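Q: After the structure tokens below, expect a handful of questions from me.
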């Protein structure tokens, strides 16, 4: 395919402009044709993708009448003389508002401009109140870890706008809600750690009583968005500018949990109660459906009360994947039910839960994953709060844009509209269903389905969502456009901007429908990178409910069917198998997905698996591909700078340095000779400047990779034969193992990997054999 590179550039430009990548860029015209695609029609959409030239309009959008509510966009037919526009989604004729009376072909409003496929509206309605941050701190920690945690939170106060509201809850054996509005001395309300509390009980115990909600019409003060918090709630949740001194004092004087811990016991931690009370505090203070983040800092697992994941006896280990497989799980089901119920409550309120784990052992991310996954919260897994990985990742949560606004949205919702050719089958990402049924909701379900609208709660510029579609019927041209029929989809994202205003981001995407059955345009429109990421999200979604081997079989079956459908071959002749250029990388993406930590749980704790899957479901195409198939660069004397090499054991050479990027780890690996020279100190001697430069080059490139990455990756420097080299060896295609012969054409210098895993070549041989035989 001669123009493959040009098409790739076009898809990349669309991603930069609209934050959208589609698995197929031409849609089949019938359901029958669609069923033969194997890979579903899907879009990976990043609603808040940062883009300097996205117009920000300071007025309400022009919308179609209910129930459609489609927004005026460049694909609408507009009758300038009659001041009428036709909605492409429901084909209704709508009158343009009076202030559009002067529009003409030469003078069109920004939202109708052909380049305005993505546009943002700053809605006149302010948010009910400023964003809220509730810090929930575990005090059962070593002194140095607790001090580092307190310092990082004190630092974060300076990154928050003065009008942002803050609250503080600490927990150990008991949970304490701190009354920041009381300035005479430190004052807190204590809740028992072994009992769950309803919102009513929280309200009564902290003396909030029945309170009035903020008045809907309350106008924002200059520099203070939204209304102020209700008076009684001001005792616990206050603007940073008002309580920073008091909050800093309380944080600085925080001590380790005083409850004694025997040598053979774990500290008693009531994480579940602390989170439940945090949610209850927001509900009792009448902050429902306002932007709020509950930020949990856990230094260990919950060992007491509802949500406990392990008992206090150290001789009782926390559950492993093996225990879960054998159903040897004492607390898992009960804890999971507790946190899932809490997640439902929190997401209904529009609040976000972030989980920061600072512990070498597991803290219960597996049980708590629903809290972050359904509310768009962050999940950060580190060894300790003293680590730079935690400190820098936490600081990056508060990144700001050019106007000094926090790069985060609150209380977000997304709706997807489509023309009659398409129906929405579901979404995979950090969201919950809003159970909105409409004519464009599909019969089948993929991910969170049976709806065309979802609630995200938390949203940021990297947050990406996989949205899946099906073809509605037997096709036929759209009633909208002359010429080649087009299918149109519109993404509407409503969210509370950190400045306190409500915003609406609108992205409208149009793609051609294919011609008669067998149209080559379909195959040529396949974006293998987007398809690999969309399929990996489905695989991970399945892995949450199905057995691991079943998911791997599903991945294999889909790949064989895709190759059978789109490869060129003579039946039963594997040597004749050939894939077009825009399909060639797809099998190797699937090979690495099968071996990845997303589907293989061996050597990972359940908490790590939950963390890795959480991040995959948050990132865009580029970052997700790095996670699925890491990048490997080689540095040697025979070329300047890094040179991309195959992710293969044959790439390990004694006289090179390798830089591996798995997204979660950045690793610099020195070949045997390089490591010996470095240990001998040649780089510090005169005349070996080129060796010094060679050693520095991968470090500089690693710095660039780490620069904007969130969460901060673990940085590893290792040598051939060193224990840390396992991070590299586990990712490489094992083309040179202890089973391949030394005279089999493989360079003697390549690394031997001791594994029974099949190599990419063997995998491809089997794939070709099965694809040409028509076996699926």
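Note that Cβ sites are derived from N, Cα and C of the backbone, with glycine treated the same way.
The structure displayed is predicted, hence computed values, not measured ones.
The Zn(2+) binding site feature in Swiss-Prot is assigned to 64, 68, 87, 90.
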Q: Check residue 87 (Zn(2+) binding site) against DSSP and tell me helix, strand or coil, would you?
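A: Assignment for residue 87 (Zn(2+) binding site) reads coil.
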Q: Identify, in sequence order, the residues in the chain of residue 87 (Zn(2+) binding site) that are 6 or more apart from it along the sequence and have a CB within less than 8 Å of its CB; answer 'none' if there are none.
A: 64, 68, 70, 76, 94
Q: Using all protein chains in view, find how many other C-beta atoms are within 10 Å of the C-beta of residue 64 (Zn(2+) binding site).
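A: Other Cβ atoms found within 10 Å: 22.
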Q: Applying a 10 Å Cβ distance cut-off over all chains shown, what neighbour count does residue 68 (Zn(2+) binding site) have?
A: 18
Q: Other than 64, 68, 87, 90, which residues of the same chain sit close to Zn(2+)? List them in sequence order, counting a residue when its Cβ is within 8 Å of the Cβ centroid of the site.
A: 65, 69, 70, 89, 91, 92, 94, 417
Q: Validating a neighbour-count step here. Other CB atoms within 10 A of the CB of residue 90 (Zn(2+) binding site): how many?
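A: I count 19 other Cβ atoms within 10 Å of it.
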